[in-house]
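Below you'll find the structure, written out as structure tokens, and then a few comments.
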Amino acid sequence: MNGLYTALMCSFHDDGRVNEQGLREIVRYNLDVQQVDGLYVNGSTGENFLISTEQKKQIFRVVKDEVEDEAKLIAQVGSLNIDEATDLAQYATDLGYNAISAVTPFYYKFDFDEIKDYYFTILDSVDNDLIIYSIPALTGVNMNLEQFGELFAHDRIIGVKFTAPDFFLLERIRHQFPDKLIYSGFDEMLLPASVLNIDGAIGSTFNINGKRARQIFELAQNGQLNEARDVQKVTNDLITDVLSNGLYPTIKEILKVQGVDAGTLRKPMKPLTADGAKEAERIANTFIT
Ligand code: HMN
């Protein structure tokens, strides 16, 4: 399960339905052009928290059908509705997903016992491994080293998608849990995370910049830090421009410039203005080869 995983975008029609053909095109572009090792399906980047249970299942189905056994698949099933989370975990497992992942429960201020119960309930419902999805900036849930340890005590919690700029905690987790998988979640920090000996990364910008992400990761693993820094610099120039133009709509527009039908966004996310679309085209022409 090591390696680079794209946090997969999804293509939607203007009326909000899943654009299945567009979704297949995004999958193919990631596998054939960006050449990532796997896909992280129905994460934040997939607009997961804006769609229905049936649409989540539809996306799991279409992606598996397109990928078959060409790449590893991780299904993000986390939900505030525990019944939905267990239902999706079983669904993705039956489809053959290699692992499931669940975002920490958010919105209400759950205490750690409740968070632990959430993960163990999902695991009890399914015969698959689980990767914790930790993204404190969006969820408000900050877990400490001891709490990660309590979760990692479960032998089917195999790792964490660590989307935080806390390199002290990342290093401590790496040191204390050498057998667990750590995936870095912030693409602009891939190099410092790689230096700390992570097992892989999961990123939204890999949809358009997966090849550079691989260079950074592999150069760092080989100890070629100056070269890795150069590639991270170009990557961060790209990410700076993408973030200032609007993360998800800009990635979608860049995919369109590459000939991929990335469709529109689910409300309440808004599409790019005409000027924003022009800027996305400039970014694509500047950075995407
Ligand atoms: C997902 O669940 O879609 C991703 O794994 C999330 C991923 O960590 C991204 N975070 C967010 O979109 C909030 C990053 O790839 C991020 O988009 C990128 O580093 C730019 O900041």
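Glycine too: its Cβ is placed from the backbone N, Cα and C atoms.
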Additional site residue, Thr53, Thr163 [criterion: listed by TrEMBL with Ser44, Thr45, Gly185, Asp187, Glu188, Ser204 for aceneuramate]: Thr163
Distance from Lys161 (active site, schiff-base intermediate with substrate) back to Ser204 (aceneuramate binding site), taken between C-alpha atoms, in Å: 13
Other C-beta atoms that fall within 10 angstroms of the C-beta of Thr45 (aceneuramate binding site): 23
Distance check against Lys161 (active site, schiff-base intermediate with substrate) for the recorded positions Thr45, Tyr133, Gly185, Asp187, keeping those with Cα within 10 Å: Tyr133, Gly185
Tyr133 (active site, proton donor) and Glu188 (aceneuramate binding site), distance between Cα atoms, whole Å: 18
Aceneuramate site shell beyond Ser44, Thr45, Thr163, Gly185, Asp187, Glu188, Ser204, criterion: Cβ within 8 Å of Cβ centroid: Ala7, Phe186, Ile202, Gly203, Thr205
